[in-house]
Amino acid sequence: MHFIVKQTGVGGERIGHLTDFVKIPGTILETPTAALFTQGGSVVHLTADVLSWVFCSPQLLWVPLSNSIQLEIGVKVQNDGVAKFAGLSGHATCVTLNNLSEVTPSGHFEPNKVPLWTKNGKKMISANRYMDVMEIFKPDIILAIADGRTSLAEGNKRVSKAVDRTKQMLKECLDRYKASKDLQSSMLVGVIVGVANSRKFDESIQNILNHVNTLGGVALEGITDGTEESMDVEIDKLKEVFEKIGSNLPKDLVYIIEGCWNPAVILSAIEYGWDIFDGSYPVKLTNAGVALKLNFDVTKENDTMYLLDMIDERYKEDFKPILEGCECLACKKHTRAYIRHLLNTREMLASVLLSIHNLHHFDQFFRHARQHIASKTFATFKQHITKQCEMLKTFAPDRYKGLNGALEKPTLQKNKKIRVSDNVNSNIDCNSCT
């Protein structure tokens, strides 16, 4: 498969195409986009049939090996790749080592191995073992194995070892990739780590440059270790990281970023040329009983919160859809009151309906981003969405803190805090939220 830059915006933002998929010929995936996060090879909360109601065209599936390694034997016997085995043969797959949005124990490293935290505990895995699984899974995109579970607060010794270990493992992955007949139709993506240490960060970037003729893309790890604290990063710091990578690496690579980042951070990354995001954000929201409600119309004032806490008492008799005008199945057929009832009674259908809406709405978010890149108005769209994120940060700071983490329920204090809902007092000056 290949990545092609089709159009650039005013800044570094761009529209790209992922093409030449061997298993799904003729398919073109537009970027920037988010993959669909999977668990055990299936999109979280959705069966293959329900997924076909949400998306009528092929999508990119994000497959962490940590929650799908148990499929190895079955996939090997079938010998048609992980997508076919999971009943999703009409979609592309991107396999990575771990889910970086998930908190795992620290440490547990060996010189040439990293821990794979599965539901059955820790499994130490080497680059050769990882590539063995890749030859069985046959994904369209392979993120090279890396020691990327470090945060910006990590010590120099830990970061130094992470970069050295990642460098050696990338070399082993490249050797296996070049020698494998089964992986010639796959794209191998190198991983940058060591962001917490400027010198080692430069070394990690240089390591990618050394192999740029073989690699099809670059992925960024080493910013978060999955904890809520590590996700609370100043946007200016992230911009420095995005800019440094973009200014040192070729533009024809596909740029992938992992982590449960909110819309404001995602748009900042897109502004610096990042193309693919791991799709864990809408899953986190769904698991917390929260619905996305972004206002995409740049001509309308931001007078509402962009997250709805659907378990809130105020939705008990609210018979409107989650979002007026939304074309998703959940909004067409069901009401806020019904979804709140399902959440309150812990019915499985609650997660299904919320997932349908959040995935559809998140996809629309990227669709609008691409449209604004094409029309050279991306900066206006970015400011419009960022303003909504800042509103939540200002008036519901306890909720905002959880946007990139566990999304804990806020403690409701009457007449003291504005809850995450679709109503904000009319005396709020939205211009003060920028």
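Just so you know, the numbers here start at 1 and follow the chain as drawn.
Every residue gets a Cβ built from N, Cα and C, even glycine.
The annotation in TrEMBL ties Cys326, Cys328, Cys331 to Zn(2+), and of the candidates under consideration, His341, His357, the one tied to the same site is His357. Residues belonging to the domain 'tRNA-guanine(15) transglycosylase-like' (14-388) score a mean pLDDT of 95 in the model. When other Cβ atoms within 10 Å of the Cβ of Cys326 (Zn(2+) binding site) are tallied across all protein chains shown, the result is 18.
Taking Cβ-Cβ distances under 8 Å and a sequence separation of 6 or more, the neighbours of Cys328 (Zn(2+) binding site) in its chain are Val54, Ile356, His357, His360, His361. Sequence-distant neighbours of Cys331 (Zn(2+) binding site): residues of the same chain at least 6 apart with a C-beta under 8 Å from its C-beta are Pro321, Ile322, Leu323, His357. Listed in chain order, the residues near the Zn(2+) site other than Cys326, Cys328, Cys331, His357 are Pro321, Ile322, Leu323, Glu327, Leu329, Ala330, Lys332, Ile356, His360, His361, each with its Cβ within 8 Å of the site Cβ centroid.
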